[in-house]
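Features as listed in TrEMBL:
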- 41-301: domain 'G-protein coupled receptors family 1 profile' (DOMAIN)
- 26-50: transmembrane segment (TRANSMEM)
- 62-90: transmembrane segment (TRANSMEM)
- 102-129: transmembrane segment (TRANSMEM)
- 150-170: transmembrane segment (TRANSMEM)
- 198-226: transmembrane segment (TRANSMEM)
- 246-271: transmembrane segment (TRANSMEM)
Amino acid sequence: MNGSKSPGLAGFGVLRNTTCHTEKKISVFFSIIFMTVGILSNSLAIAILMKAYQRFRQKSKASFLLLASGLVVTDLFGHLINGAIAVFVYASDKDWIRFNQYNILCSVFGICMVFFGLCPLFLGSVMAVERCIGVTKPIFHSTKMTSRHVKMMLTMVCLFAVLIALLPILRFRAYQIQASRTWCFYKTEHVEDWEDRFYLLLFSCLGLLALAVSFLCNAVTGITLLRVKLKSQQRQGRSHHFEMIIQLLAIMCVSCICWSPFLVTMARIGINESRSKETCETILFALRMATWNQILDPWVYILLRKAVLRNLYKITRGCCGVHMVNLHVWELSSIKNSLKVAAISESPSSKQINPRPLSSRGQ
């Protein structure tokens with residue numbers, strides 16, 4: 001109070017002169033709705049993915065389902081933890097000085113914001129890389145991308161995201177309460193120190209890099225599958241690849257639309273040495289768009305399944321009134337068809353060519 005810098009008040013500098021005001025009722029309503037819809041959506045997606053993983057445990061699709069399950073579980077805990085803290089802040093009338101005297105809650109909130117922000121982006125890029133390897137290098141994928149290796153990859157991704165989130169704490173840099181007084185993050189106002197700019201640029205660059213890797217790998221995977229489809233008349237054995245690439249493309253589009261405004265905004269704040277021109281309302285709007293990514297991700301696995309896409313295909317064909325090629329991959333349910341395709345493709349008898357002449361020649 002007399003000019004001394006107490007460690008417990010490290011994050012309260014923005015509270016003295018804030019120009020951002022949010023209406024409490026609307027903000028609480030949005031927070032509760034986002035948290036509830038996110039938890040229900042991710043829970044449903046987890047149930048679908050785990051049921052599919054039990055069916056495909058020994059197949060090439062198992063690694064993709066395991067990574068997808070990790071992504072949805074991360075989104076679920078992100079909604080649960082971040083949403084609970086946000087609702088508590090609103091319920092306490094955003095009086096941080098009363099319940100955050102030692103800056104513990106703000107530090108936890110900031111760590112969770114960074115971790116649950118970067119981890120889904122990292123997992124999305126890892127899923128794209130895994131599918132790219134599975135399509136372009138199937139032998140390498142079948143021998144190296146086992147469940148044990150995928151679990152190790154999930155652990156490494158989570159540990160790396162935790163390290164990035166803990167980096168300011170390890171450097172004795174407290175997370176800051178933002179101008180809206182509703183969330184905590186890196187310092188975004190009066191950013192003058194190089195280390196504060198470094199954290200903002202590190203977060204935004206890693207997020208944008210993950211999106212770029214996803215785009216590149218998905219492009220390679222899609223082009224490879226289309227070339228194989230045009231050259232080969234066999235429709236079986238590739239249906240699960242097309243289903244997964246459709247899901248990956250949807251995840252990439254959702255991530256780019258939802259996360260790009262927030263990542264670009266953080267990058268612009270980090271590049272500008274003086275106070276950025278980004279307003280509090282702009283940052284808060286970008287943050288809410290990023291929150292939608294964790295809500296829309298699970299619906300990719302809920303809606304973009306072959307059982308659902310098959311019905312959409314039939315409806316589209318009926319509405320167009322034009323004779324279209326009736327693809328065999330949509331004739332059965334998604335699980336039964338994929339199991340049948342995998343059994344045919346992996347059966348040793350399918351690789352034998354005209355066995356009778358060989359036996360007669362041996363006689």
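Note that Cβ sites are derived from N, Cα and C of the backbone, with glycine treated the same way.
Bear in mind that the values here come from a model prediction, so they are computed numbers and not experimental data.
Here the transmembrane segment (62-90) has long-range neighbours at 24, 27-28, 31-32, 34-35, 38-39, 42-43, 45-46, 49-50, 52-53, 56, 96, 105, 108-109, 112-113, 116, 119-120, 123-124, 126-127, 130-131, 134, 141, 145-147, 149-151, 153-154, 158, 181-183, 244, 247, 251, 294-295, 297-298, 301, meaning same-chain residues at least 6 beyond its ends whose C-beta is under 8 angstroms from one of its own. Outside the transmembrane segment (246-271) by six or more residues, the chain places 68, 71, 120-121, 124, 127-128, 131, 186, 188, 191, 196-201, 203-205, 207-208, 211, 214-215, 218, 221-222, 278, 282-283, 285-287, 289-293, 296-297, 300-301, 304, 309 with a CB less than 8 A from a CB of the stretch.
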